[in-house]
Every structure is written in C-alpha cells, then in structure tokens.
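Peer 1: Below is one structure. I have some questions about it.
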Amino acid sequence: MAGVMKLACLVLACMIVAGPITANRALTCGTVNSNVAPCIGYITQGGTLPGACCTGVSKLNSMARTTPDRQQACRCLETAARALGPNLNAGRAAGIPKACGVSVPFPISTNTNCNNVK
C-alpha cells in the first residue's frame, strides 16, 4: 500500500510540474495561422475586410494572455507576413486590429521585434 501511495504522489507531482509546461505551449503557429487565414485575401488583394478575419484576430488576441504567448503569436504572424512576400500589403496588415476594434500589443509587420512584446 505504501508503494502505491508513493507512486500516486509521484504521478501527481509530475502532473503539477508538466501542467504549466503544456499550457505554455498551447499557442502554436498552426493555431495562429488558422485564426488569421480569413485575413489573407484582404491583406493581399484588398476589398472588404471579412468578418471571419476580425473574429479570428479577436479570438487569437484572447488566447494570447501571457507574454510568451504574445511573443509566439508575434513571431508566427511575422513569419506568415514574410511568407506572403511581395503580395503583402503592409498597411492593410497593420490596420487589421484597429479595423476590427481589437487592441493588439504589437504591430502586424515583417519587422516587429517580438522579443520586446510584453
């Protein structure tokens, strides 16, 4: 019985330690990209800003609660913006948060210093 209790305590301790580590890795570039995917047509071609874009930006902003999450989101957005290359309209990309009424703590750009994002 004492062996079972020791094992249970060890498992519980591992869960407590691993829980925050797993939570910190919840925001991936896949998650970021899927939320901003509805914005790509607007960024590259213009037109009307889709409601789904604003929904995605708002959802992403609410998921990025911690500094590491916001820095990760920044890096993912920076990489995605670079991938668009010459098709990127930087002004449209940077204006999305304001147009959607979302306060984002960093500009959507290819040259944001994501390490400074808090």
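Heads up, the Cβ atoms here are built off N, Cα and C, so glycines get one too.
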Peer 1: Name the residue from C39, C74 that Swiss-Prot records as disulfide-bonded to C53.
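Peer 2: The record-listed partner cysteine is C39.
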Peer 1: With reference to Swiss-Prot, specify which of the listed residues C9, C14, C29 is paired with C76 by a disulfide.
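Peer 2: Answer per the record: C29.
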Peer 1: Between C100, C114, work out which one Swiss-Prot annotates as bonded to C54 by a disulfide.
Peer 2: C100
Peer 1: Can you tell me the CA-to-CA distance separating C29 (disulfide bond) and C114 (disulfide bond), as a whole number of Å?
Peer 2: 14
Peer 1: Can you check which residues sit near C54 (disulfide bond), meaning Cβ under 8 Å from its Cβ, same chain, 6 or more apart in sequence, and list them in order?
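Peer 2: Spatial neighbours, sequence-distant, of C54 (disulfide bond): I96, A99, C100, G101, V102.
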Peer 1: Expressed to the nearest Å, what is the distance separating C53 (disulfide bond) and C76 (disulfide bond) at their Cα atoms?
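Peer 2: For C53 (disulfide bond) versus C76 (disulfide bond), the Cα atoms are 16 Å apart.
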